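What Swiss-Prot says about this one:
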- 5-269: domain 'YjeF C-terminal' (DOMAIN)
- ALA40, GLY103, HIS152, ASP212: (6S)-NADPHX binding site (BINDING)
- GLY211: AMP binding site (BINDING)
Amino acid sequence: MKKITPKAMCAWIPKREDETHKGDYGRVLIVAGNKQFGGAAIMAAEACVKSGAGLTTVASDSVNRPALQTRIPECMFIDYENITSLSEQISQFDTILIGPGLGLDAYAEEIFRLVLQKSTEHQQVIIDGDGITIYAKGENPHPAAKLTFTPHAGEWERLKVLAPDAVTPTDVALAIDATIVLKGHRTKVYSGESAWQNMYGTPAMATGGMGDTLAGTICGLMAQTEKPITGTLAAVFLHSYIGEILAKKRYVVLPTEIAEELPTYLKIFSETDEHA
């Protein structure tokens, strides 16, 4: 199993070229946050924007719009109850995150199916939180888009039921044709025959919303990097690396504090020579 290291980060995060514009840094759709869990959508969106995604749009319950756009005015918004509008816009995005705070009711399942059905082979879809639970029911067709799952331990137990003959996480990743970010104290990433282990993290990060921030960082960086797996690995590293640094002076590290530091550390790693 390969280690995710600071040296690798220096190669994964490119400097920004002068002759570029917001369209060059990815168009991201985040489908998240029902009436009860709007904070999940906000934390994911904040991490996505601050990881450098060029254009970020959130599809959520309309009650979340004022809070979202007050905190993150850079985000655009789609009322996900207008399912026709959402359906028409799905194809416009490079990367889609679905699941944080989405809920498990019939409407959440309808939206989830819509996103999978409308996604194309040219898109990346990250499935997090409630999205994993819905997908694990086994009632959804495998979409044309490339999938990444971000399960914690409980969600992992549900997800691996889809691959009953699998022995290892690599077996599961191959069986469901997806990348798996298996979250834990030392998060592991499985993609095809390859596997990586993160070397950073701290119990100070054990607080609600941390997974939403990681998912937002993944979709933000995946939208910018040449290879999706590179963006995924970079996000896993940065999320824990920043958390560990902040924990040196904090008993608990909040997800929003990690998001706030993303631009600073992205700049540091983008300007550090990997051979130094």
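In case you wondered, yes, glycine gets a Cβ from its N, Cα and C as well.
Since this is a predicted model, take the numbers as computed values, not measurements.
Features per Swiss-Prot, on structure.
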residue: ALA40; record: (6S)-NADPHX binding site; Cβ neighbours (10 Å): 31
residue: GLY103; record: (6S)-NADPHX binding site; Cβ neighbours (10 Å): 22
residue: HIS152; record: (6S)-NADPHX binding site; Cβ neighbours (10 Å): 17
residue: GLY211; record: AMP binding site; Cβ neighbours (10 Å): 23
residue: ASP212; record: (6S)-NADPHX binding site; Cβ neighbours (10 Å): 31
For the residue listed as 'AMP binding site' and GLY103 ((6S)-NADPHX binding site), determine the Cα separation and express it in whole Å. 15
Would you give the longest CA-CA distance, in whole angstrom, between residues of ALA40, GLY103, HIS152, ASP212, the set recorded as binding (6S)-NADPHX? 16
